[in-house]
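According to TrEMBL, the transmembrane segment annotation covers A:76-97, A:171-189, A:201-220, A:232-248, A:255-275, A:281-299.
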């Protein structure tokens with residue numbers, strides 16, 4: 001071996017592994033790393049170390065590809081991409097909905113938010129195209145700027161919308177929802193991700209689902225409905241989540257994947273309905289999250 | 001194993017082990033060669049996949065050896081893995097044969113003079 005002492009990047013990556021796993025496999029992982037990075041530049045060594053760190057984090061979270069939860073994440077990742085694309089398109093279209101959003105392009109923050117809203121669907125389209133063709137490394141690399149773009153909106157909206165009723169809830173959702181979506185895509189074990197005819201069919205179905213549900217919400221935003229109308233459409237994602245969770249209980253891994261993928265959207269759509277949260281509303285939210293978490297935690301504990 | 005098609009990383013790993021047992025870095029090199037440089041499996045991804053295939057009984061640790069003072073495992077295809085790879089190969093072959101048959105049929109009809117009867 002030419003490299004007897006592990007590099008700083010490798011030491012850091014190995015520290016991400018659970019202690020027992022590191023004791024059992026650390027030496028072999030270090031040996032493979034040494035051979036795989038021989039002659040590689042700093043970027044190559046860093047990528048390799050990051051991949052080992054990702055393995056460690058997945059093992060700590062119980063999301064290894066040998067676990068049922070890892071498989072669920074692999075099922076959820078492509079669906080989350082399709083649903084995020086649908087969300088970004090509707091977010092863009094909502095700019096044109098009357099009486100829904102007021103973003104006059106007369107101040108720098110608003111201009112930047114508008115630019116983000118045009119750029120996000122383009123980025124998510126590129127992610128979906130990469131997933132469709134099985135280029136998962138590119139897809140996951142693109143998810144990072146797509147998420148950062150959404151997070152950039154938070155300070156900008158805080159500057160331009162601080163006087164708007166309920167903006168704090170919006171700010172929290174603007175942080176939580178993109179991070180949840182990115183976590184689903186990035187946490188899926190790479191060796192379970194690919195592209196197959198069956199997966200492309202599922203991807204097309206998820207995109208269609210996103211179009212229907214987001215479309216219903218968008219239409220409700222355009223046309224004023226009798227009291228309860230628009231709010232009913234905002235509970236559609238929660239309904240999809242509930243159906244998926246019911247099916248998860250019957251041992252359908254694809255349904256579990258759908259539940260995980262839909263969770264960020266269910267949070268995004270339903271939380272604003274609860275604002276301002278009364279004690280009863282908080283209790284209902286906790287009950288919903290606990291109901292969603294229970295079957296998902298059962299999956300996490302189950303071996304594949 | 002389910003009867004769903006194997007994901008490419010799994011297929012490449014099983015293929016890399018089909019002819020002889022290999023250690024971790026040997027698998028990375030072999031996958032690179034089989035995929036003609038298209039798939040470069042990284043250390044963590046490889047290890048995650050090996051954990052899963054071991055757990056599924058598709059591969060096994062044939063032996064552990066020490067090279068240059070470092071322990072490493074040599075992995076081999078288990079009989080379940082051989083069956084899985086054979087089934088996937090048969091499935092892919094039938095798809096390829098069908099694609100070739102249809103392409104040949106299309107070429108033949110394109111080469112036929114206009115107005116000629118089949």
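Just so you know, glycine gets a Cβ as well, placed from its N, Cα and C.
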Open item on the list: Cβ pairs under 8 Å only, please: of the recorded stretches A:76-97, A:171-189, A:201-220, A:255-275, which one is richest in them relative to the transmembrane segment (A:232-248)?
Closed with: A:255-275
Task: Highest-contact recorded stretch vs the transmembrane segment (A:201-220), from A:76-97, A:171-189, A:255-275, CB pairs under 8 Å - done: A:76-97
Task: Residues from the same chain, set at least six apart from the ends of the transmembrane segment (A:76-97), whose C-beta lies under 8 A from its own - done: 103, 114, 117-118, 120-121, 123-125, 127-128, 131, 139, 143, 146, 181, 184-185, 188, 193, 199, 202-203, 206-207, 209-211, 213-215, 217-218, 221-222, 256-262, 264-265, 268
- [ ] Grab the same-chain neighbours of the transmembrane segment (A:171-189) for me: Cβ-Cβ under 8 Å, and only residues 6 or more beyond its ends, written as numbers and ranges.
- [x] 58, 61, 63-65, 70, 73-74, 76-77, 80-81, 83-84, 139-140, 143-144, 146-147, 150-151, 153-154, 157-158, 260-261, 263-265, 267-268, 271-272
